[in-house]
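Sequence annotations record features per position, and here Swiss-Prot assigns [4Fe-4S] cluster binding site to Cys562, Cys571 based on sequence analysis. Summarising the annotation, Swiss-Prot assigns chlorophyll a B1 binding site to His657 and lists sequence analysis as the type of evidence. Among the features that Swiss-Prot reports, chlorophyll a B3 binding site is placed at Met665, Tyr673. Marked as phylloquinone binding site by Swiss-Prot on the basis of sequence analysis: Trp674. The transmembrane segment annotation in Swiss-Prot covers 46-69, 135-158, 175-199, 273-291, 333-356, 372-398, 420-442, 520-538, 578-599, 646-668, 710-730.
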Amino acid sequence: MATKFPSFSQGLAQDPTTRRIWYGIATAHDFESHDGMTEERLYQKLFSTHFGHLAIIGLWVSGNLFHIAWQGNFEQWVADPLHVRPIAHAIWDPHFGQGAIDAFTQAGASSPVNIAYSGLYHWFYTIGMKTNAELYQGSIFMMILSAWALFAGWLHLQPKFRPSLAWFKNAESRLNHHLAVLFGFSSIAWTGHLVHVAIPEARGQHVGWDNFLNVLPHPAGLGPFFTGNWGVYAENPDSLNQVFGSSEGAGTAILTFLGGFHPQTEALWLTDIAHHHLAIGCIFVIAGHMYRTNFGIGHSIKEILETHNPPKGTPGDLGAGHKGLYDTINNSLHFQLGLALASLGVVTSLVAQHMYSMPSYAFIAKDYTTQAALYTHHQYIAIALMCGAFAHGAIFFIRDYDPEANKDNVLARMLEHKEAIISHLSWVSLFLGFHTLGLYVHNDVVVAFGTPEKQILVEPVFAQFVQAASGKAMYGMDVLLSNASSSASLAAQNIPGEHYWLDAINGNTDVFLPIGPGDFLVHHAIALGLHTTTLILVKGALDARGSKLMPDKKDFGYSFPCDGPGRGGTCDISAWDAFYLAVFWALNTVGWLTFYWHWKHLAIWSGNVAQFNESSTYLMGWFRDYLWLNSSQLINGYNPFGSNNLAVWAWMFLFGHLVWATGFMFLISWRGYWQELIETIVWAHQRSPIANMMGYRDKPVALSIVQARVVGLAHFTVGYVLTYAAFLIASTSGKFG
């Protein structure tokens with residue numbers, strides 16, 4: 001007898017309605033809730049999924065390498081990276097006639113192709129790849145790695161090779177492995193690749209499988225390393241007129257601290273990058289050995305936390321400090337996942353900021369569309385990770401938190417202070433919202449009445465002070481690094497080696513861009529969005545176990561619609577609802593953030609910074625001079641007279657709006673509407689001559705309120721992303737290629 005889906009839940013499998021299908025999909029990855037699940041089995045399943053995840057990443061990398069080698073123009077691009085557009089892949093079946101075929105036959109190709117805005121060409125080139133053959137080799141290597149990861153995932157599900165629960169709960173050994181081996185050694189290994197392959201290639205010396213054993217990365221060899229004379233490796237760096245990829249102007253240094261950028265590539269010096277990875281690797285190898293594993297030396301994290309008690313009798317007694325935290329964190333996968341997601345979210349946002357302001361890949365700074373795409377991509381990923389962090393924090397409080405084990409410690413005291421925390425966030429959000437919007441609207445009104453001189457324009461003097469302290473001279477503040485005789489400047493001059501940082505910060509680069517009143521306003525708009533998103537997420541987590549309105553909330557789980565009639569006000573207050581609302585605010589915030597970044601850069605790249613500076617101080621300026629003005633080219637990607645190479649983005653722009661608007665159908669009309677509609681459709685089917693031949697194995701029932709919301713949210717999010725992605729890429733590539 002065939003068992004119905006889902007096999008992991010007999011309760012759901014026996015449900016006679018379509019709820020079986022939807023709840024089955026919704027809980028497929030909630031391993032904790034599956035029938036017969038033990039804690040050990042849960043850890044083993046999750047451990048194996050990590051290998052599956054690695055395999056997917058490997059296949060994705062392999063596919064990119066393969067398609068660029070097969071259908072791209074990598075070798076032509078390497079010969080002239082500033083003028084050749086990189087090709088992502090061919091278009092097999094171009095629609096819409098000869099005009100479209102002609103429009104997409106671009107970048108020197110003989111048939112229709114897509115342009116790459118991923119930055120992969122720049123990355124491959126920077127790390128020492130120059131031929132299609134090398135790309136193919138990389139692709140095959142990643143494919144083998146993926147197959148190995150899939151095998152490892154399967155293997156660790158077999159009875160003989162399943163790790164025990166004690167192995168998973170050994171936090172010190174896991175930290176040792178992750179910090180020292182995965183993070184530390186891989187950073188040092190990457191330094192090795194940069195020193196042995198990438199830096200020689202950047203100086204015109206090819207290093208391959210045929211000669212890597214007899215090409216010395218440094219003329220002095222390992223002598224200076226063993227004699228402690230490490231400074232030799234920083235001597236004779238590349239000169240300012242070095243031609244990347246050739247020996248012209250090349251030095252011999254491999255580990256430097258030059259600062260600033262290579263003048264030709266406008267990217268960080270490869271020798272600086274190698275030095276950075278070596279330092280990071282050494283730090284992490286040391287960090288990984290701080291904790292006590294099998295050898296009885298080093299710290300016990302539990303002992304540190306148990307001992308870490310605040311002094312008694314201080315103003316505002318701090319209770320039991322960190323007592324109980326070790327077991328709480330070590331026994332809760334949701335707590336650990338929340339910490340990991342929050343950390344990764346912050347790092348991803350930092351990656352977005354650093355990729356444009358201090359680019360590490362050769363010539364990527366001049367590929368404007370790629371810069372815009374990568375910044376936006378990483379900020380969107382960051383908000384998704386951060387929302388996930390708070391979601392799992394809330395699930396921790398519902399499923400894993402033990403009030404007895406955490407009595408009076410920092411976690412318990414945070415819950416006790418939740419009213420103060422939530423009300424402060426509320427106050428900050430209200431303050432930022434009213435003041436920022438008030439300034440924008442005031443400026444809108446006076447501009448509309450023809451008196452722009454009456455705008456309230458605030459110079460961001462504190463931010464300008466930070467820029468000046470870091471060496472930006474244009475503000476005339478003469479502080480720290482922007483004052484040649486200050487203690488900071490004198491100390492910097494005494495550090496051996498070249499110093500190109502001041503040239504970078506005062507040159508035509510993206511480090512510390514000049515800022516004014518428009519930046520001040522949008523900075524506070526973004527701050528409003530961040531604080532409101534945080535308010536909703538923090539409130540959702542802190543109230544997840546219960547509130548004055550619903551003290552027994554934890555008994556209802558993470559997501560519930562309401563507690564039925566007779567208990568008014570219990571709708572929309574589950575921890576899941578907080579996550580749901582926060583995602584809208586997160587999208588709102590990342591929208592403002594990416595609008596700001598993109599418009600400011602469009603103005604810089606086109607040599608018309610006045611447009612941003614003058615129009616960004618009132619809302620109509622944003623709507624008219626950023627959104628409307630930059631969508632005109634995009635909307636004309638195709639029209640009655642034909643199409644150009646923006647046609648695909650024009651279509652995606654429309655399609656994104658459609659998906660986004662569909663979200664509202666689910667967000668506004670609730671369960672009763674859908675139930676009535678479904679019953680009407682079932683009635684019509686049963687009375688139609690052909691449709692009545694189809695029977696219903698499950699009785700059709702409408703989505704629950706929570707499900708309708710998640711479907712609406714998914715459409716809203718996907719539509720929002722598709723719409724802005726199309727706008728961003730088309731408006732940038734339409735101007736700059």
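Glycine is no exception: its Cβ is also placed from the backbone N, Cα and C atoms.
Shown here: features listed in Swiss-Prot, placed on the structure.
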residue	record	DSSP class
Cys562	[4Fe-4S] cluster binding site	coil
Cys571	[4Fe-4S] cluster binding site	coil
His657	chlorophyll a B1 binding site	helix
Met665	chlorophyll a B3 binding site	helix
Tyr673	chlorophyll a B3 binding site	helix
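Residues 356, 372, 375-376, 379-380, 382-384, 386-387, 390-391, 394, 519, 522, 525-526, 529-530, 532-533, 536-537, 539-541, 543, 612, 616, 622, 625-627, 709-710, 713, 716-717, 720, 724, 728, 731-732 of the same chain sit 6 or more residues outside the transmembrane segment (578-599) yet have a Cβ under 8 Å from a Cβ within it. The closest partner of Met665 (chlorophyll a B3 binding site) among the binding-site residues, by CA position, is Trp674; the full candidate set was Cys571, His657, Trp674. Recorded residues Cys562 ([4Fe-4S] cluster binding site) and Tyr673 (chlorophyll a B3 binding site) have their alpha carbons 18 Å apart, per Cα-Cα distance. Distance between Cα atoms for His657 (chlorophyll a B1 binding site) and Trp674 (phylloquinone binding site): 23 Å, as a whole number. The stretch from 333-356, 372-398, 710-730 with the most CB pairs below 8 A to the transmembrane segment (646-668) is 710-730. Over all protein chains present, the Cβ of the residue listed as 'phylloquinone binding site' has 19 other Cβ atoms lying within 10 Å. The number of other CB atoms found within 10 A of the CB of Cys562 ([4Fe-4S] cluster binding site), across every protein chain shown, is 15.
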